[in-house]
Amino acid sequence: MTIVIGFEGSANKIGIGIVKDGEVLSNPRRTYITPPGQGFLPSETARHHRGAILTVLREALDEARLKPSDIDCVAYTKGPGMGAPLVTVALVARTVAQLWGKPLVGVNHCIGHIEMGRLITGANNPTVLYVSGGNTQVIAYSERRYRIFGETIDIAVGNCLDRFARVIKISNDPSPGYNIEQMAKKGKQYVELPYTVKGMDVSFSGILSFIEEAAHKMLSSGQCTAEDLCFSLQETLFSMLVEITERAMASLWLSGGPDCNLRLQEMMGVMCEERGARLFATDERFCIDNGAMIAQAGWEMFRVGQITELPDSWITQRYRTTWR
């Protein structure tokens, strides 16, 4: 029996989860929410995490009904992500590991999403579409490593949605992507937007630049509604993701916060059905950044003897998806 506690704080969510041999014992988190039209700055996000992390830690232990002595290993997000929040969480994880006398494991955030998805869905060696605020990748496992078959060549799909939300002042509560999804359901008119797929890769900067420049003109002239723009942007972005994923897959697992979007799951489901493939996805408990996914990846690493020594327990904002 191995129990691992995982600390996640790479972006605007601070989460701590505890996993015991494939069972999630607890997974509390807090989200830093800014006013409409604003993003979250690294320093302010780190301040939020510092203020919440000890409360979340106590909740995780209480919910799991465990004491520090019950924990076998402390895992933390090493990267990728925002520098200041990553450092904040890494410092607490390192301190906890030393106070409790436990080994430390630095986890790749992307691998955390994948490993949690494999645990929850039971998917066997699927192709993974991993999309988040800072990442957009089509990933598969080959020769003892995760391999990236396609990805964004500029900004991530989550970042594109977030920045569009700021343009037309969509609320950040509970998240810009969720609110765009709800507004898109009311859209009636499709507005033609740039569509850029380059082989197995995608580019979102062109569509973002276009919609940032044109949105207010189209809305003020009555050419379309905000709901129409949400619908059009979502359909275009997701169609690009479906296209590059279809080229790489036999079965598919959706991973990352934007993958909670039911429209994206619907579009991927249609593509999978046409190909005779199977679609796997989880709900917002595990597709959105959380501590349990870091605990699960840490559990996988710890059981094969991977430990992060204290002098090596730094963070890196650019941490490539490679481990398994």
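Glycine is treated like the rest: Cβ placed from N, Cα and C.
Per TrEMBL, the features are as follows:
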BINDING   His109, His113, Tyr130, Asp289  divalent metal cation binding site
BINDING   Tyr130, Val131, Ser132, Gly133, Gly134, Asp162, Gly177, Glu181, Asn261  substrate binding site
DOMAIN    29-295  domain 'Gcp-like'
Of His113, Gly177, Asn261 (the binding-site residues), the residue whose Cβ has the fewest other Cβ atoms within 10 Å: Asn261
Same-chain residues at least 6 apart in sequence whose Cβ lies under 8 Å from His109 (divalent metal cation binding site): Glu8, Ser10, Thr77, Lys78, Gly79, Pro80, Gly81, Asp289, Ile294, Tyr319
Residues Tyr130, Val131, Ser132, Gly133, Gly134, Asp162, Gly177, Glu181, Asn261 binding substrate per the record - widest CA separation, whole Å: 19
Cβ-Cβ distance under 8 Å to Gly134 (substrate binding site), same chain, at least six residues away: Ser10, Ala11, Pro80, Gly81, Ala156, Gly158, Asn159
His113 (divalent metal cation binding site) versus Ser132 (substrate binding site) - Cα distance in angstrom: 10
Rounded to the nearest Å - Cα separation of His113 (divalent metal cation binding site) and Asn261 (substrate binding site): 16
Environment of His109, His113, Tyr130, Asp289, the listed divalent metal cation site - residues of the same chain whose CB lies within 8 A of the CB centroid: Ser10, Cys110, Gly112, Ile114, Ser132, Asn135, Ser255, Gly256, Gly257, Met293
Rounded Cα separation (Å) that holds between Asn261 (substrate binding site) and Tyr130 (divalent metal cation binding site): 13
Asp289 (divalent metal cation binding site): tally of other CB atoms within 10 A of its CB: 26
For the domain 'Gcp-like' (29-295), the mean pLDDT of the predicted model: 94
